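Going by TrEMBL, these are the annotated features:
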DOMAIN    35-350  domain 'SAM-dependent MTase RsmB/NOP-type'
BINDING   Asp151, Asp179, Asp279  S-adenosyl-L-methionine binding site
ACT_SITE  Cys341  active site, nucleophile
Amino acid sequence: MDSPEIPPSDRREERPPASLPLPAAFLEFLGENGLDPALYSKADTIPRYIRLKPGMESSVVTEIESELKCDLMRVSWLPDFYAIPPEIQIAGSKAYQQGKIYGIDAASGAAILALDVQSGDHVLDLCAAPGAKLCMLADMLGSSGSLTGVDVAKHRLAACRTMLQKYSLGDRSRLFVADGTSFSILPVNSNLGSMEAFVGIEDNGSIFSEWTSKRSWKDRQKSKKAKAAGSPHLPSTSEPELIYYGKDSGLVGLQKRYVLHPSTDAAACTSGYDKVLVDAECTHDGSIKHIQKFEFWGWKTLDRRVLNVERTGNLLHLQLGLLTNGFKLLKTGGSLVYSTCRCVSLHMQI
Ligand SMILES: C[S@@+](CC[C@H](N)C(=O)[O-])C[C@H]1O[C@@H](n2cnc3c(N)ncnc32)[C@H](O)[C@@H]1O
(Lines of atoms letter the chains of each structure in order from A and count residues from 1; the text may use other names and numbers.)
(Lines give C-alpha, C1' and ligand atoms only; values in the text may rest on other atoms or scores of the structure.)
Protein backbone atom coordinates (compact mmCIF):
# COMPACT_ATOMS: atom_id res chain seq x y z
CA MET A 1 0.00 0.00 0.00
CA ASP A 2 1.33 3.50 -0.83
CA SER A 3 2.11 5.62 2.19
CA PRO A 4 -0.17 8.65 2.43
CA GLU A 5 1.19 12.06 1.41
CA ILE A 6 2.42 13.91 4.51
CA PRO A 7 1.41 17.57 4.65
CA PRO A 8 4.51 19.81 4.97
CA SER A 9 3.40 21.10 8.37
CA ASP A 10 3.59 17.56 9.83
CA ARG A 11 6.91 16.55 8.29
CA ARG A 12 8.90 17.75 11.28
CA GLU A 13 7.54 14.77 13.24
CA GLU A 14 9.46 12.46 10.90
CA ARG A 15 12.87 13.94 11.61
CA PRO A 16 15.22 11.92 13.81
CA PRO A 17 15.26 13.26 17.37
CA ALA A 18 18.28 15.27 18.48
CA SER A 19 20.86 13.04 20.15
CA LEU A 20 21.30 15.69 22.86
CA PRO A 21 18.90 15.03 25.74
CA LEU A 22 17.14 18.35 25.21
CA PRO A 23 14.64 19.10 27.98
CA ALA A 24 10.93 19.00 27.16
CA ALA A 25 10.47 22.74 27.70
CA PHE A 26 13.20 23.52 25.17
CA LEU A 27 11.74 21.06 22.63
CA GLU A 28 8.41 22.77 23.05
CA PHE A 29 10.06 26.17 22.55
CA LEU A 30 11.76 24.92 19.34
CA GLY A 31 8.46 23.48 18.10
CA GLU A 32 6.69 26.79 18.68
CA ASN A 33 9.38 28.54 16.65
CA GLY A 34 9.46 25.99 13.82
CA LEU A 35 13.03 24.87 14.59
CA ASP A 36 14.28 21.31 14.10
CA PRO A 37 15.74 19.88 17.36
CA ALA A 38 18.06 17.62 15.33
CA LEU A 39 20.07 20.73 14.45
CA TYR A 40 21.35 20.93 17.98
CA SER A 41 23.27 17.65 17.74
CA LYS A 42 25.15 18.58 14.59
CA ALA A 43 27.81 20.92 15.91
CA ASP A 44 30.56 18.48 14.95
CA THR A 45 29.58 18.81 11.29
CA ILE A 46 29.48 22.62 11.24
CA PRO A 47 32.74 24.19 10.09
CA ARG A 48 34.46 26.92 12.06
CA TYR A 49 35.44 30.10 10.31
CA ILE A 50 38.48 32.30 10.46
CA ARG A 51 39.17 35.63 8.87
CA LEU A 52 42.54 36.45 7.46
CA LYS A 53 43.61 39.98 8.23
CA PRO A 54 43.31 41.86 4.93
CA GLY A 55 46.54 42.73 3.22
CA MET A 56 48.20 39.42 4.06
CA GLU A 57 50.10 37.86 1.18
CA SER A 58 48.46 34.81 -0.39
CA SER A 59 51.46 32.70 0.68
CA VAL A 60 50.21 33.12 4.27
CA VAL A 61 47.30 30.79 3.47
CA THR A 62 49.69 27.93 2.65
CA GLU A 63 51.72 28.69 5.79
CA ILE A 64 48.59 28.60 7.96
CA GLU A 65 47.38 25.39 6.29
CA SER A 66 50.61 23.64 7.16
CA GLU A 67 50.59 25.02 10.70
CA LEU A 68 46.94 24.09 11.40
CA LYS A 69 47.32 20.84 9.41
CA CYS A 70 44.07 21.38 7.48
CA ASP A 71 42.85 22.98 4.26
CA LEU A 72 41.55 26.55 4.43
CA MET A 73 38.38 26.59 2.32
CA ARG A 74 37.78 30.08 0.94
CA VAL A 75 34.22 31.40 1.51
CA SER A 76 33.40 32.82 -1.89
CA TRP A 77 30.82 35.36 -0.72
CA LEU A 78 32.80 36.68 2.25
CA PRO A 79 36.12 38.39 1.55
CA ASP A 80 39.05 36.99 3.59
CA PHE A 81 36.92 34.28 5.26
CA TYR A 82 37.95 30.62 5.33
CA ALA A 83 36.15 27.54 6.69
CA ILE A 84 38.16 25.06 8.73
CA PRO A 85 37.11 21.73 10.29
CA PRO A 86 35.28 22.20 13.62
CA GLU A 87 37.87 20.33 15.68
CA ILE A 88 40.74 22.67 14.71
CA GLN A 89 41.82 25.00 17.53
CA ILE A 90 43.43 28.24 16.40
CA ALA A 91 44.37 29.83 19.75
CA GLY A 92 47.71 28.01 20.06
CA SER A 93 48.77 28.77 16.48
CA LYS A 94 51.44 31.30 15.54
CA ALA A 95 49.12 32.79 12.91
CA TYR A 96 46.62 33.66 15.65
CA GLN A 97 49.20 34.83 18.15
CA GLN A 98 50.83 37.07 15.54
CA GLY A 99 47.47 38.65 14.66
CA LYS A 100 47.20 37.22 11.15
CA ILE A 101 43.85 35.48 11.75
CA TYR A 102 40.91 35.62 14.13
CA GLY A 103 37.87 33.42 14.66
CA ILE A 104 34.56 34.87 13.46
CA ASP A 105 31.35 33.15 12.30
CA ALA A 106 30.24 33.42 8.70
CA ALA A 107 26.90 34.75 10.04
CA SER A 108 28.74 37.60 11.75
CA GLY A 109 30.55 38.33 8.50
CA ALA A 110 27.20 38.44 6.69
CA ALA A 111 25.88 41.07 9.11
CA ILE A 112 28.93 43.27 8.53
CA LEU A 113 28.78 42.80 4.78
CA ALA A 114 25.13 43.92 4.84
CA LEU A 115 26.22 47.18 6.48
CA ASP A 116 28.27 48.02 3.39
CA VAL A 117 30.87 50.11 5.21
CA GLN A 118 32.71 52.53 2.95
CA SER A 119 35.98 54.29 3.59
CA GLY A 120 35.21 57.60 5.30
CA ASP A 121 32.05 56.37 7.06
CA HIS A 122 31.41 57.11 10.72
CA VAL A 123 30.40 53.72 12.10
CA LEU A 124 28.77 52.85 15.43
CA ASP A 125 28.74 49.35 16.94
CA LEU A 126 26.23 49.61 19.76
CA CYS A 127 26.87 46.17 21.39
CA ALA A 128 30.50 45.73 20.53
CA ALA A 129 31.99 43.17 22.91
CA PRO A 130 33.89 40.90 22.70
CA GLY A 131 34.73 42.47 19.35
CA ALA A 132 35.02 40.13 16.36
CA LYS A 133 32.57 42.26 14.35
CA LEU A 134 34.23 45.43 15.60
CA CYS A 135 37.56 44.24 14.16
CA MET A 136 35.97 43.48 10.82
CA LEU A 137 34.29 46.91 10.82
CA ALA A 138 37.65 48.58 11.52
CA ASP A 139 39.21 46.68 8.62
CA MET A 140 36.41 47.69 6.22
CA LEU A 141 36.77 51.31 7.24
CA GLY A 142 40.34 51.55 6.01
CA SER A 143 42.23 54.79 6.41
CA SER A 144 39.47 57.37 6.86
CA GLY A 145 36.26 57.74 8.86
CA SER A 146 35.78 56.55 12.43
CA LEU A 147 34.57 53.62 14.48
CA THR A 148 32.79 53.92 17.82
CA GLY A 149 32.24 50.79 19.93
CA VAL A 150 29.81 50.80 22.86
CA ASP A 151 29.09 48.08 25.41
CA VAL A 152 27.53 48.12 28.84
CA ALA A 153 30.00 45.58 30.26
CA LYS A 154 33.38 47.19 30.96
CA HIS A 155 35.36 43.95 31.25
CA ARG A 156 33.96 42.77 27.92
CA LEU A 157 34.71 46.10 26.26
CA ALA A 158 38.26 45.86 27.57
CA ALA A 159 38.52 42.66 25.50
CA CYS A 160 37.58 44.75 22.43
CA ARG A 161 40.39 47.13 23.22
CA THR A 162 42.83 44.21 23.45
CA MET A 163 41.62 42.90 20.09
CA LEU A 164 41.85 46.26 18.33
CA GLN A 165 45.37 46.70 19.64
CA LYS A 166 46.45 43.15 18.83
CA TYR A 167 45.28 43.46 15.21
CA SER A 168 46.51 47.09 14.90
CA LEU A 169 42.98 48.25 14.12
CA GLY A 170 42.42 50.84 16.81
CA ASP A 171 43.76 54.03 15.24
CA ARG A 172 40.36 55.37 14.15
CA SER A 173 38.40 53.83 17.01
CA ARG A 174 36.97 54.92 20.33
CA LEU A 175 35.37 52.66 22.93
CA PHE A 176 32.69 53.77 25.38
CA VAL A 177 31.35 51.83 28.34
CA ALA A 178 27.75 52.98 28.16
CA ASP A 179 24.16 51.88 27.97
CA GLY A 180 23.40 51.52 24.26
CA THR A 181 19.73 52.32 24.84
CA SER A 182 20.61 55.89 25.82
CA PHE A 183 24.10 56.52 24.39
CA SER A 184 24.01 59.81 22.50
CA ILE A 185 27.55 60.87 21.65
CA LEU A 186 27.99 61.67 17.97
CA PRO A 187 31.08 61.08 15.86
CA VAL A 188 33.74 63.76 15.79
CA ASN A 189 32.60 65.16 12.51
CA SER A 190 34.35 67.48 10.14
CA ASN A 191 31.02 69.16 9.42
CA LEU A 192 30.75 70.50 12.96
CA GLY A 193 32.32 73.65 11.63
CA SER A 194 33.13 75.28 14.96
CA MET A 195 35.52 72.45 15.84
CA GLU A 196 38.62 74.59 15.26
CA ALA A 197 37.51 76.74 18.16
CA PHE A 198 38.06 73.80 20.50
CA VAL A 199 41.34 72.53 19.12
CA GLY A 200 44.58 73.12 20.99
CA ILE A 201 43.19 75.26 23.80
CA GLU A 202 44.90 74.18 27.01
CA ASP A 203 42.29 74.01 29.74
CA ASN A 204 43.73 72.41 32.88
CA GLY A 205 44.04 68.95 31.41
CA SER A 206 40.57 68.82 29.86
CA ILE A 207 42.03 68.30 26.39
CA PHE A 208 42.53 64.80 25.05
CA SER A 209 46.17 63.93 24.82
CA GLU A 210 47.40 60.69 23.23
CA TRP A 211 45.74 57.66 24.81
CA THR A 212 47.74 55.74 27.36
CA SER A 213 46.95 52.53 29.22
CA LYS A 214 47.95 54.27 32.49
CA ARG A 215 44.78 55.21 34.33
CA SER A 216 44.32 58.49 36.14
CA TRP A 217 43.73 58.62 39.88
CA LYS A 218 40.12 59.70 39.17
CA ASP A 219 39.50 56.66 36.95
CA ARG A 220 40.97 54.30 39.51
CA GLN A 221 38.69 55.75 42.19
CA LYS A 222 35.69 55.31 39.90
CA SER A 223 36.40 51.61 39.27
CA LYS A 224 37.02 51.06 42.98
CA LYS A 225 33.56 52.48 43.69
CA ALA A 226 31.90 50.35 40.98
CA LYS A 227 33.66 47.23 42.33
CA ALA A 228 32.57 48.01 45.85
CA ALA A 229 29.00 48.39 44.61
CA GLY A 230 29.39 44.85 43.19
CA SER A 231 28.18 45.72 39.73
CA PRO A 232 30.18 44.97 36.57
CA HIS A 233 27.53 46.90 34.61
CA LEU A 234 26.90 50.59 34.80
CA PRO A 235 23.59 51.83 36.10
CA SER A 236 21.67 53.28 33.15
CA THR A 237 22.08 56.84 34.46
CA SER A 238 25.90 56.72 34.42
CA GLU A 239 27.90 58.93 32.10
CA PRO A 240 29.55 57.11 29.19
CA GLU A 241 33.13 56.20 30.05
CA LEU A 242 35.71 56.42 27.28
CA ILE A 243 38.14 53.53 27.80
CA TYR A 244 40.09 53.82 24.56
CA TYR A 245 40.65 56.13 21.61
CA GLY A 246 43.11 55.76 18.76
CA LYS A 247 45.59 58.35 17.55
CA ASP A 248 43.49 59.08 14.43
CA SER A 249 40.11 58.98 16.16
CA GLY A 250 39.92 62.76 15.92
CA LEU A 251 39.96 63.18 19.69
CA VAL A 252 43.58 64.07 20.36
CA GLY A 253 43.77 67.84 20.91
CA LEU A 254 40.02 68.29 21.38
CA GLN A 255 38.35 69.50 24.54
CA LYS A 256 36.73 66.68 26.46
CA ARG A 257 33.48 68.51 26.99
CA TYR A 258 33.19 69.00 23.24
CA VAL A 259 33.56 65.27 22.55
CA LEU A 260 31.53 63.94 25.45
CA HIS A 261 28.49 66.14 25.32
CA PRO A 262 25.16 64.39 24.59
CA SER A 263 23.43 65.14 21.29
CA THR A 264 19.89 65.89 20.28
CA ASP A 265 17.88 63.86 17.76
CA ALA A 266 17.98 66.79 15.33
CA ALA A 267 21.79 66.97 15.51
CA ALA A 268 22.02 63.24 14.81
CA CYS A 269 20.10 63.68 11.54
CA THR A 270 22.85 65.88 10.15
CA SER A 271 25.93 64.83 12.12
CA GLY A 272 25.11 61.29 13.22
CA TYR A 273 26.59 57.97 12.14
CA ASP A 274 26.58 56.77 8.52
CA LYS A 275 26.36 53.13 9.59
CA VAL A 276 25.05 51.56 12.82
CA LEU A 277 25.32 47.93 13.88
CA VAL A 278 22.97 46.73 16.62
CA ASP A 279 24.22 43.22 17.39
CA ALA A 280 21.87 42.88 20.32
CA GLU A 281 22.08 40.75 23.42
CA CYS A 282 19.82 37.70 22.95
CA THR A 283 18.93 34.30 24.41
CA HIS A 284 21.63 32.58 22.30
CA ASP A 285 19.26 29.72 21.47
CA GLY A 286 20.21 30.20 17.81
CA SER A 287 23.78 29.22 18.57
CA ILE A 288 24.02 25.43 18.41
CA LYS A 289 27.40 25.35 20.12
CA HIS A 290 26.10 27.57 22.90
CA ILE A 291 23.11 25.32 23.58
CA GLN A 292 25.39 22.28 23.63
CA LYS A 293 27.26 23.80 26.58
CA PHE A 294 24.15 23.37 28.72
CA GLU A 295 24.79 19.62 28.69
CA PHE A 296 27.68 20.43 31.01
CA TRP A 297 26.19 23.47 32.74
CA GLY A 298 22.93 21.59 33.41
CA TRP A 299 19.57 21.93 31.69
CA LYS A 300 18.15 23.78 34.68
CA THR A 301 20.54 26.60 33.79
CA LEU A 302 19.05 26.61 30.29
CA ASP A 303 15.61 27.01 31.83
CA ARG A 304 16.85 29.92 33.88
CA ARG A 305 18.90 31.63 31.15
CA VAL A 306 17.01 30.93 27.93
CA LEU A 307 13.42 30.00 28.68
CA ASN A 308 12.69 32.15 31.69
CA VAL A 309 9.73 34.30 30.71
CA GLU A 310 10.78 37.30 32.77
CA ARG A 311 14.28 37.25 31.23
CA THR A 312 13.04 36.92 27.66
CA GLY A 313 10.54 39.72 28.31
CA ASN A 314 13.37 41.94 29.60
CA LEU A 315 15.51 41.01 26.61
CA LEU A 316 12.77 42.01 24.19
CA HIS A 317 12.52 45.35 25.95
CA LEU A 318 16.32 45.79 25.80
CA GLN A 319 16.49 44.82 22.12
CA LEU A 320 13.79 47.33 21.24
CA GLY A 321 15.60 50.02 23.26
CA LEU A 322 18.89 49.32 21.47
CA LEU A 323 17.28 49.27 18.04
CA THR A 324 15.34 52.49 18.68
CA ASN A 325 18.41 54.34 19.95
CA GLY A 326 20.62 52.99 17.15
CA PHE A 327 18.09 54.34 14.68
CA LYS A 328 18.06 57.75 16.42
CA LEU A 329 21.83 58.05 16.09
CA LEU A 330 21.79 57.47 12.32
CA LYS A 331 22.39 60.34 10.00
CA THR A 332 19.75 60.91 7.33
CA GLY A 333 20.57 58.52 4.49
CA GLY A 334 22.48 56.17 6.81
CA SER A 335 22.00 52.43 7.24
CA LEU A 336 21.45 50.21 10.26
CA VAL A 337 21.86 46.44 10.55
CA TYR A 338 20.17 44.61 13.43
CA SER A 339 21.42 41.12 14.17
CA THR A 340 21.27 38.49 16.89
CA CYS A 341 22.84 35.05 17.20
CA ARG A 342 19.76 33.60 15.56
CA CYS A 343 21.24 35.25 12.48
CA VAL A 344 18.24 37.48 12.01
CA SER A 345 19.69 40.36 10.13
CA LEU A 346 17.54 43.32 9.36
CA HIS A 347 18.81 46.11 7.20
CA MET A 348 17.20 49.53 7.42
CA GLN A 349 17.94 52.80 5.82
CA ILE A 350 16.71 56.30 6.57
C1 LIG B 1 25.73 39.40 21.11
S2 LIG B 1 26.87 40.25 22.11
C3 LIG B 1 27.69 41.26 20.92
C4 LIG B 1 28.76 40.52 20.15
C5 LIG B 1 29.71 41.45 19.43
N6 LIG B 1 29.02 42.32 18.50
C7 LIG B 1 30.80 40.71 18.69
O8 LIG B 1 30.75 40.57 17.47
O9 LIG B 1 31.74 40.24 19.35
C10 LIG B 1 25.84 41.39 22.93
C11 LIG B 1 26.57 42.43 23.77
O12 LIG B 1 25.60 43.39 24.18
C13 LIG B 1 26.04 43.92 25.42
N14 LIG B 1 24.91 44.64 26.03
C15 LIG B 1 23.90 44.17 26.79
N16 LIG B 1 23.10 45.18 27.18
C17 LIG B 1 23.60 46.30 26.64
C18 LIG B 1 23.23 47.66 26.68
N19 LIG B 1 22.15 48.09 27.36
N20 LIG B 1 23.99 48.55 26.02
C21 LIG B 1 25.10 48.17 25.35
N22 LIG B 1 25.50 46.89 25.29
C23 LIG B 1 24.76 45.97 25.90
C24 LIG B 1 26.55 42.72 26.18
O25 LIG B 1 27.44 43.13 27.21
C26 LIG B 1 27.23 41.92 25.07
O27 LIG B 1 28.60 42.18 25.04
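Placement of Cβ uses the backbone N, Cα and C atoms for every residue, glycine included.
Neighbours of Asp179 (S-adenosyl-L-methionine binding site), defined as other CB atoms within 10 A of its CB across all chains, total 22.
Same-chain residues at least 6 positions away in sequence with a Cβ under 8 Å from that of the residue listed as 'active site, nucleophile' are, in sequence order, Ala107, Cys282, His284, Gly286, Ser287, His290. Taking the mean position of the Cβ atoms of Asp151, Asp179, Asp279 as the S-adenosyl-L-methionine site, the remaining same-chain residues with a Cβ inside 8 Å of that point are Asp125, Leu126, Cys127, Ala128, Ala129, Val150, Val152, Ala153, Ala178, Gly180, Glu281, Leu322.
Under the three-state DSSP scheme, Asp151 (S-adenosyl-L-methionine binding site) falls in the strand class. Site extent for S-adenosyl-L-methionine: among the recorded binding residues Asp151, Asp179, Asp279, the largest C-alpha separation is 14 Å. Sequence-distant neighbours of Asp279 (S-adenosyl-L-methionine binding site) (same chain, 6+ residues apart, CB-CB distance under 8 A): Ser108, Ala111, Asp125, Leu126, Cys127, Ala128, Lys133, Ser339, Thr340. Listed in sequence order, Cys127, Ala128, Ala129, Leu157, Cys160, Leu175, Val177, Ala178, Gly180 are the same-chain residues six or more apart from Asp151 (S-adenosyl-L-methionine binding site) with CB atoms under 8 A from its CB.
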